[in-house]
């Protein structure tokens, strides 16, 4: 039988009181946070070893001592206590005191980690802190695993920040901060055989973040130049706990069961390595390069924070007109008996038709009007004109900047005159506009579905299979609608080309 010896600052039995745990762990570091120190207390161990149970009473007892020092010892300093509570789930941050709103992690110019959008509450009594902690714990992500029926599936971080209010300014300066971190339990792959896919993904993300924490501790222990704090969101949050003016307390929770012997040994080795950092932890400077030389790696705000808008606002957002205005487009088109049509405004859907030239075209026997909107009817040619002049005139009738307009109703090859052809053309255009408007309305509906799907995907515990199925259906629906609209547009363009309304592109 192998024997291993470990030396720690304190060893607490399973029947000790909460006061005893607090006096041995957190109480000695309370005065230090008033001296510009960032203190951290976190619990580590396998799942089901009692981390959450051990951490629950510590923030309340710490807040009692902090408020007592603020009201009595430092009552003339203008200190105030602020509370914030968030969790790290699946590599994402969620505010437990603000309906699990998604947060972003940023790094300022002083290489200090800042949680963008995190809601803080100024507190003055312990009861308010207790209420906030209970509210946050109720929103925390938990689940059932093969090793624990009620396992914490996220890392929870409760921060007690002491700030000094500057007179005449709304902002406040952080004096010190005490963070309580309840880490999610580590799991072996052999213990997750009965878990579903989502639970296994959660376990893999938890083990990944804990491994990143172990790599940072190993790098600090080996006095390496580069410390991989950016390996996970957890290590970015804990970065202040291992560098600079910091104090850290690690509570290792172990299980006395014989089946947990391997887990217990790993936890003890983990804690022993962290304890060895105390010899050099205060001498280390920040090993990371200046912030100006580093590339920003944090993600942007989520789309799920966007507010929904009504249909009219969405139409304006994409540069579209309202339905009432679209309905009046066809009313601006009036047909004349000669087979030509004039418009009282521009044709928005016939933007490929070039305007006739303003210059006179003497070769084809008629002149364009000053407005350039329609040609004058050519005068009757003299009967004494040579018979071979017709071919020369017809040869110059087509130009790159003119359209051929039929001046008299002629019978086409399909047996329809110009009026019937124009009626069919206008009907086809009307159908195209209606189809376009319908596609826009469907796109707005699909956009709302996508926004809702993204919002659900950002929530902890979302089902990956359901997300993929719904996203595939939405994409197929969008593609089908666009293909139908594109086919109708191609058919209308072909109709225009056949009726000589579009200019031959090769002549441009």
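Each residue, glycine too, has its Cβ placed from N, Cα and C.
Straight from TrEMBL, the features:
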DOMAIN    1-277  domain 'Kinesin motor'
BINDING   45, 46, 47, 48, 49, 50, 51, 52  ATP binding site
REGION    278-308  region 'Disordered'
REGION    345-399  region 'Disordered'
COMPBIAS  380-399  compositional bias 'Polar residues'
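Reduced to three states, the DSSP call for residue 50 (ATP binding site) is coil. Comparing local CB density within 10 A for the binding-site residues 45, 48, 50, the maximum falls on 45.
Secondary structure from DSSP puts residue 45 (ATP binding site) in a beta strand.
Residue 46 (ATP binding site) is surrounded by 23 other CB atoms, counting those within 10 A of its CB over all protein chains shown.
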